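Novice: Encoded as structure tokens, here's the structure I'll be asking about.
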């Protein structure tokens with residue numbers, strides 16, 4: 001469906017279209033720029049989700065007409081280029097914010113002010129972008145996944161975003177928690193370590209599951225790159241694992257500091273540790289303090305301060321401890337002597353056990369999941385690639401095979417014959433009628449036909465896929481079928497090569513062949529994009545209609561009237577050309 005920028009692409013020769021194209025090219029530069037900016041909010045075939053919900057350029061145009069004519073100018077379509085670009089930006093910004101936040105409170109809380117200011121400014125800028133995204137969602141349509149309905153009404157969008165739980169959940173994302181970093185070390189003394197422990201636990205609990213939001217924004221990237229579904233899922237598992245590991249690493253470093261520096265614990269070791277950390281690694285007697293410390297945890301932290309260990313060194317060492325605890329392989333000295341820390345490390349170990357047992361299950365589903373339509377699609381594409389390699393087919397032909405299959409199944413494979421075979425005849429007819437009745441019912445020859453006859457006609461339809469530049473009907477050939485254009489756009493050319501017009505979703509052509517077989521075609525019909533077309537053969541139609549002679553006679557009479565009308569138009573045009581030639 002996506003238009004290709006090829007040298008052989010269709011160049012419209014219809015006069016009205018050429019005039020509109022010429023007028024657009026004649027616009028001044030600022031007008032072109034303004035028009036391009038306005039187009040950013042419209043549905044685009046470049047958005048990876050468009051192909052799933054809008055199958056043809058005609059459906060995209062209709063959707064944009066609905067957006068422009070019925071809704072305010074600030075509403076953005078969910079399949080617009082603006083939405084696609086913003087999803088990529090928000091994915092990057094959200095992950096930077098969610099990775100920077102725990103790192104700052106865990107490893108930069110006791111650093112000099114100059115080292116923290118830059119991090120604070122960066123995170124505030126990230127929060128500002130997230131606020132902008134939050135406001136933009138009130139102007140962006142959404143898709144109801146149960147019905148595939150595209151909602152653009154401002155009131156429905158507003159109410160959907162104002163659901164209480166979702167609103168609070170979104171607001172908690174971009175609150176400027178980073179501002180507390182300036183007074184975090186003082187808060188330990190003033191508010192108490194338990195209060196700070198509650199705060200960092202709150203950050204952890206409300207943000208540890210944010211990877212689901214990150215995955216939602218990330219989804220537009222692999223779909224744009226046409227990555228296989230199995231690869232995307234593996235990437236998501238890796239990303240989510242690193243995300244959870246990062247948060248747990250930061251939490252596992254700062255919680256023991258809060259527990260051991262609690263002023264409620266009246267011990268000399270903890271007071272010395274707090275004093276040194278409050279001096280931000282400028283304490284003159286670190287070595288002397290270190291020699292008198294008995295607590296192994298306090299000794300470990302003071303060793304960090306004495307050796308001026310880099311932040312990255314402390315971060316990766318904390319990550320190693322977290323991994324060892326998560327995998328239940330930690331040594332005894334890794335666990336501090338505090339009941340809260342014992343409970344936290346037990347929870348980390350339990351969650352780590354769940355997570356690292358969940359990953360093999362997910363990977364097994366990747367490689368053995370026949371019930372999943374996307375995985376089956378990827379498997380078939382792999383089989384197709386092997387077939388092409390074995391047959392030594394050319395690259396253009398391989399691309400056409402892939403496009404044909406992609407158009408037919410829309411990245412989700414299913415065995416239609418097997419599924420339809422599970423249902424009785426009446427249900428199969430109902431499925432076909434619901435799918436194709438609007439195509440057959442629009443044909444003049446079939447108007448006022450009984451329902452059971454229309455059902456028999458619909459059961460005879462056969463789906464065919466035509467790709468860009470494929471010839472559906474060749475002028476001069478003898479017709480034996482009628483065609484119903486379910487999705488796509490085709491161009492009609494006269495024998496002389498002049499472009500006569502376009503046909504879009506719901507159109508039909510070649511109906512005379514149902515009555516008069518081997519009627520010579522008078523025009524070429526060429527696909528301008530990937531098209532889904534249902535074909536009704538002359539034989540199938542005759543078999544359906546022959547038992548009903550009165551209907552056949554009525555249809556034949558209509559067909560003859562239409563042929564006579566077409567002949568009069570042709571003679572009129574031919575006579576007009578003769579007069580023009582004579583006058584010249």
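Keep in mind that glycine also has a Cβ here, set from the backbone N, Cα and C atoms.
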Novice: Have a look at 25-48, 49-72, 121-144 and point to the one annotated transmembrane segment in TrEMBL.
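Specialist: Per TrEMBL, the stretch marked transmembrane segment is 121-144.
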Novice: With TrEMBL as the source, which of 148-164, 165-181 is set down as transmembrane segment?
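Specialist: Spelled out, TrEMBL records transmembrane segment over residues 165-181, not the other listed ranges.
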Novice: May I ask whether the transmembrane segment (88-109) has at least three C-beta pairs under 8 Å with the transmembrane segment (234-255), counting pairs 6 or more apart in sequence?
Specialist: yes
Novice: Taking a Cβ cut-off under 8 Å, which residues six or more beyond the ends of the transmembrane segment (165-181) line up next to it in the same chain?
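Specialist: Sequence-remote neighbours of the transmembrane segment (165-181) are 94, 97, 100-101, 104-105, 108-109, 116, 119-120, 123-124, 127, 130-131, 134, 137, 187, 199, 203, 206-207, 210, 213.
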Novice: How many helix, strand and coil residues does the domain 'Cyclic nucleotide-binding' (445-562) contain under DSSP?
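Specialist: For that range the per-state counts are 37 helix, 43 strand, 38 coil.
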